[in-house]
Amino acid sequence: MASLRASSKCLARHLRLDRLSVQGLSRSLSSFPLSSSSSREFVTFSLSQPQGIDESVDLAHRIGEINLGAFTYGRKNFSTSASESQPPSESEVPAPQPAAGYSAVSSPLRSYSPVLSGFSVLPHPAAGLPAGLSPPSNVGSLSLEFLGREMSNLLSLGKLEETIRLFEEWVKSPGLDGKPKVPNLMVYNLLLHAKLRIGADPRNLLQVLKEMEMSGINPNLLTFNFLLRAIFRHRDSIMAEKIIARMEQRGPEAQPDGDSYNFVIVLCALDRRLDAGLKHLQSMYNRGYVPSKTTYNELLLTATRLHRTRVAVSLLKDLKKYNVAPQVQSIAELAVAATEVDDSECALLALRVLSESELSKSVRNLTMDEGGIHAILSCAARAADIELSTEAWSMLRASFRGTKTPRPSSYHARIHALAAGGDFDTAFSTLHEMQEAYNDTEYAADTNIFSPFTSLRPLVLACTRGGAAALDAAYYKLAEMHAAGKPVALAAINCVIQGCSNIWDYDRAYQTFEAIGTTFGLMPDVHSCNALLDVFGKNRKTSEVLQIYSYMGEMGIRPDSRTYSLIIEAHVVNRDVKAAMESLDALVNAGHTPARDTMSKIQRRCVKEGDENGAREIDRLLKKMGYRDGGLKATKWQQILLVL
């Protein structure tokens, strides 16, 4: 009894079951007979179906699950803790457990003595053996049944090198009849599993597969899946495709399953071979398998980074069909990528997937920054897609939670999309909201974010698209909003005035300018006056231009650089070089820098009017202000003067 107690303690210390933890795997991929005898003993390998093939996860999963707290003695549990006072009886001698997934039905595990040299064979003299079997004395005398059991035990203990060495020594040793020994399918699969877990090169596993076929053993699904896992580690999609092709040409025992296709598709996606991955995805559908979440996400990322947005839309529809939740960050990246190719449908679908995701609202609102949403708004503006613009704008406002105001560029993109889509009511309301947020800031004065010549030009063009009738419709819409008590932005009226200037209709422009005070009860600003100066200058109404300039001084409206430029252009159109030069001096004295285009127009007019001194002065100013190749070179305008 004392020797039995010591043997049990030695066994517990050897197995270190209090510290050993091996993850059990959920899915049984294959089972095959243990031997050719009539005992009906089977060995079952359990291999988890990957819910997603992740690069950061070791794909060589451990097989088996070992109890951490107790050995099983017959039908009783014997704790390994030191607090147990009653030792087990002799009839309750424990037998060593095999790897989980390798379960012998109706047969106790073999145990024999002596221990094989160089291997951890667990001695257990009291365990019985099946009828007709005798304990072997060396590696060469192990039967295929005993060899498979021993290799399974070593694998469950993580002794991979010893598992491989046991196989090699068994194969090298001659059989009882003097002929070379031939392992069976089970033993070969155990060898492949050990090589996989040890990180062997796929070519090494391919050599084992070749030996199997030369020995007349047909590999099964588990064999090829071990090989695909090894290939996945080395990122060789070409080799993986060759393996899957061999599997498809074999019998039913080696046909690929969902795991096989997941490995190959993800490898193709990682290598940016999208078409090959889609081909295997279709084969997977045809066989009735649904790809894993990671497989879909890798294909989606590859399609996104290759800007194959039509493929991405198809994948998103498949995800919804099979109720697979995509990765939120992948969808956010797809939404931005769709804007780079102006695919508004893909961007809208991506935003809807984001809004319908199961993430909490606070987390979902952080998946995209304002820059990404601004890109989507710009795409909606180019495509005149009001629906996409509304979806993106809602996400932007929700992400700010009322604590922050969108940037002017985001407002401009939103207004552009609404105006291009014909929704002027919402466009004018958004413009008023923007004016309320930024009108009194220095940023607005410095950047001209309300200028109908630059920032709001898309709205001006949208109002002018139908000519005078469209401009009248925009004006009456603003008047109706004012009559209904809704606020009207002055910038919207300025856009209508500038639209009148675009069609050279100074009467309609002046009437709209007058309506700023009489109808809407507002005061004109510098942009209102600039729009009126533009239309009068185009029609050679120089006296009216000067009157507007005087009116600005009386009303305390400070002219900007565009005001002086418009006055100069009016004098140039009127062929008054002297007045144009005087206005240029006023512009410089006001602290503004004249635009190169404005100075070039003055210089050309000087040349045409024969004013050599004026042309030289403009050329001197261009060089002084650092404009390279500005205006006409001296030799050029001198030649023109000679011709004239």
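Just so it is clear, glycine is given a Cβ too, placed from its N, Cα and C backbone atoms.
TrEMBL annotations: computationally assigned, not manually curated.
Keep in mind the model is a prediction, meaning the values are calculated, not measured.
The annotation region 'Disordered' is assigned in TrEMBL to 79-100.
Annotation source TrEMBL lists compositional bias 'Low complexity' at 81-100.
Taking DSSP states H, G and I as helix and E and B as strand, the repeat 'PPR' (184-219) has 27 helix, 0 strand, 9 coil. According to TrEMBL, the repeat 'PPR' annotation covers 184-219 (among others).
The domain 'Pentatricopeptide repeat-containing protein-mitochondrial' annotation in TrEMBL covers 370-515.
According to TrEMBL, the repeat 'PPR' annotation covers 525-559 (among others). Listed as Cβ neighbours of the repeat 'PPR' (525-559) (distance under 8 Å, sequence separation of 6 or more from its ends, same chain) are residues 448, 450-453, 490-491, 493-494, 497-498, 500-501, 504-506, 509-510, 513, 516, 566-567, 569-571, 573-574, 576, 590.
If you look at the repeat 'PPR' (560-594), the same-chain residues 6 or more away from its ends with a CB under 8 A from one of its CBs are 448, 451, 453, 526, 529-530, 533-534, 536-538, 540-542, 545-546, 549, 552, 601-602, 605-606, 609, 611, 614, 617, 621, 625. Annotated repeat 'PPR' per TrEMBL: 560-594 (among others), in sequence order.
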